[in-house]
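These notes concern the structure reproduced below.
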Amino acid sequence: MAVVLVVTQGLAFALKPLRQPRVIAEILGGILLGPSALGRWGAFRRTIFPEWSTPALDTVSGLGLLLFLFLVGLELDFRAVRRVGPRSVAIAAAGIVPPLLAAAGIVPLLDLAIPAPRQASYLSLCVFLGAALSVTALPVLACILKELGLLGVPFGETAMAAAAVNDVFAWALLALALAVSGGGREPKGPPLAPVYILSSGAVFVAFTFFALRPLMARLARRTGPCSSESNLTCSCAVACALLAGTVTDAIGVHPVFGAFVFGLAMPREDGFAERIGEKVTPLVSGLMLPLYFATSGLHTNVDNVQGVAAWGMVALVVAVAVVGKFTGTFAVAVAGTGMARREAAALGVAMSAKGLVELIVLNIGKEKKVLDDTTFAIFVIMALTTTVIATPLMTALYRHQSTATTPEIDGMGLKGGDACPA
């Protein structure tokens, strides 16, 4: 763990002048330490990452992922979406539909380029790859907008609201993909498994919002903003997030969905959700989440992508991920909302950034046997590429004079000198 943190944070410092989000350094650090580079050296691998250490790293990083999704749910406040109105929904839908439709054509090409037996069905793979191609990394977008001083202006509000809608839809799409695949437990589950998973998931969401949320709102009013019981309240919230993850795991979706939904349902009154986030964030973003992305890199072997056909698939997937999101977003932003062309182009580029959300989707797919090692490596390369190019392209397209006091927006805004979490 110490080696992972030293390497990834060193890379983050080296990439800081390039304005790259921290997730790039963490993934590259994992790839550098993994079988693609230093992991080829047997003595290094046996000394730093012996086989018995892998389950321990996976457990800590998996717990960090679950708590991070809980924090994402806490920070997603849809007041910004309501304020911006239908514009954000239209822009989000325009960025989702083209990549989602393109996934249906990519799956047969993957079978031709990578002739390997697949455990996932065509339908589940289409839905899953559609979610991977259409997702937008909300924290990465927040970092880019903060960097350019755009969080508090109308452009930034529209972008953040659209990304929030996009992410919620992507998680729902991923849940659908896992349901169609029978929860990933068997290559071919019972015929009614998808119906059971989707209906059980709907019941869980309804129970969380209509039964648990009122109880938590009462607790928030009781504790107040400066209560001595805040530590106990935070511990109870984290425990409930873990239990929510246990429930969705038993349903057959994934533990992160339970934590995410529970975070969404937390009341925002009197800064209740914000106080919990302030206590949980340092450990998660400082230690556990970097380990998650580093272990993703450790599990990525670029050598699996071999031959002209496989690298051609890399180019195709990157093109679809960028062009699909850009074209749909640009067209609707210009024609539907009257946004200036330069702003619309910057928005289309920003919505193409994948970052940590993409890595989460890919790791879930690999864990549930929907993605094989080669397809996983192809999409990791795509996630890195789209995220690396987002900041410089958007900076070139949209220049805004930042002020000393940039106003915040409700939702996934960054405060003061917060470091980009992703």
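Each Cβ is built from the backbone N, Cα and C atoms, and glycine gets one as well.
Note that the structure is a prediction, hence the values are computed from the model and not measured.
Annotated in TrEMBL:
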DOMAIN    10-394  domain 'Cation/H+ exchanger transmembrane'
TRANSMEM  23-44  transmembrane segment
TRANSMEM  56-76  transmembrane segment
TRANSMEM  88-110  transmembrane segment
TRANSMEM  122-145  transmembrane segment
TRANSMEM  157-180  transmembrane segment
TRANSMEM  192-212  transmembrane segment
TRANSMEM  283-302  transmembrane segment
TRANSMEM  308-332  transmembrane segment
TRANSMEM  376-398  transmembrane segment
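Within the same chain, residues 80-81, 122, 125-127, 129-131, 133-134, 136, 158, 161-166, 169-170, 173, 313, 316-317, 320-321, 324-325, 327-329, 331-333, 336-337, 347-348, 351, 375 sit at least 6 positions outside the transmembrane segment (88-110) and bring their C-beta atoms closer than 8 Å to a C-beta of that stretch.
Contact check: the transmembrane segment (308-332) against the transmembrane segment (56-76) gives fewer than three Cβ pairs closer than 8 Å, residues 6 or more apart, which falls short of the contact criterion. Residues 1, 49, 138-139, 164, 167-168, 238, 241-242, 245, 255-257, 259-266, 273-274, 276-277, 280-281, 284-285, 287-289, 291-292, 294-295, 298, 360, 363, 411-412 of the same chain, all 6+ positions outside the transmembrane segment (56-76), place their C-beta atoms under 8 angstroms from a C-beta of that stretch.
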